[in-house]
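Note sheet for the following structure.
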Amino acid sequence: MASRTRQQLGNALLGVAIAGGLVSTIGFLLQLIAGSSLISHGARQEVILKDLAPISFNGILPKDNSSELLVHVYWFNRYFAWEYPTAPDGISTAGFTPTSWFSQNVKDDFYLIAADIDVPGDSINCHTFGRGADPCSNAFFEAMRQAWFDLDVPEPSLQWIINVLGLIFAIYTILQEVAIKYKPYWVRCTCFCLKSMCPCPKGTREEIEAMDDYTWDKVRLAYWALLSAWVALSTVGSNVISQLFLSRLRSIQREGDFDMDIKLGGLYEIVGWVSLGFSLLGTACILVKWTMSRRPKGWMEQQALDSMPLDDPVDDDESRPNPNALYKDDTRT
């Protein structure tokens, strides 16, 4: 492949990788913004980007004696957001439970939501588990009691921390590409320890600025691969936690004569898996670019040969010895 074509293809691959990094950055940002505030629609409020909740369901307050549950609840790992579209005048139409950092008691959060929408206390005051205890008049809380539902979510802030660090690292990886192009010396290794494990180049400013694409692609590959691993940790880890939480919520559904409409956030799943797909694509592009820029075997020897000066060509006729000159004319006088 010609050098110019290889350079153009390498630039195109780098562009695709950066685009994939931008998608991952946007994915992390959306997951952090989702459910963080309320937006108003006239007299009613809604949770921002509620479709990006890992889990959503209906609960808390049944409608009269029907199987319909009136409160839409959204789980965002550290807290619940909720909406009560048919709330009477004077009752909140949306809100949040307090943010939990180290441990989240889901049952307590459900009681807090009930208090926010003025559910009568005597209808939900049935904390004793078991079928022989006094039942709740509220069908949702009675089903929760029958299911012995008392779930503590450990380290609920872990997923949020992973997403925050992922956002920072995604932005850093993209900014590093800008530095490699315009200020390569800024990408030098500054580690105080474990320098041998650092992928960044080491050397003086002149040495680093003189490095070729092969060296920089090796640096790129380390960081883009690490970004892909982080996106995978966020996506797969969140999916596993959501599935475990989903199975516990379904225990309430099984005990109650109502439909909670429990479901994973479809848009949340799409954003997570698309971000992972694009980050892996970016890493693959950098790997191909690095492979293309690899020095062929014997490259150093070839460079040395190419730099050797060539002697002036010698005319063959002049350099060929004259056989007649080997003998002298022996003339007799």
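Here the Cβ of each residue, glycine as well, is placed from N, Cα and C on the backbone.
As annotated by TrEMBL, region 'Disordered' applies to 307-333.
Taken from TrEMBL, the feature transmembrane segment applies to 12-34 (among others). Outside the transmembrane segment (12-34) by six or more residues, the chain places 48-50, 52-53, 76, 160, 163-164, 166-167, 170-171, 173-174, 177, 220, 224, 227, 231, 234, 268, 271-272, 274-276, 278-283, 285-286, 288-289 with a CB less than 8 A from a CB of the stretch.
Annotation source TrEMBL lists transmembrane segment at 157-175 (among others).
Tertiary neighbourhood of the transmembrane segment (221-246): same-chain residues 17, 21, 24, 27-28, 31, 54-55, 75, 77, 151, 153, 159, 162-163, 165-166, 169-170, 173, 176, 199, 262, 264, 269, 272-273, 275-276, 279-280, 282-283, 286-287, 290, selected by CB-CB distance under 8 Å and a gap of 6+ residues from either end. The transmembrane segment annotation in TrEMBL covers 221-246 (among others).
As annotated by TrEMBL, transmembrane segment applies to 266-288 (among others).
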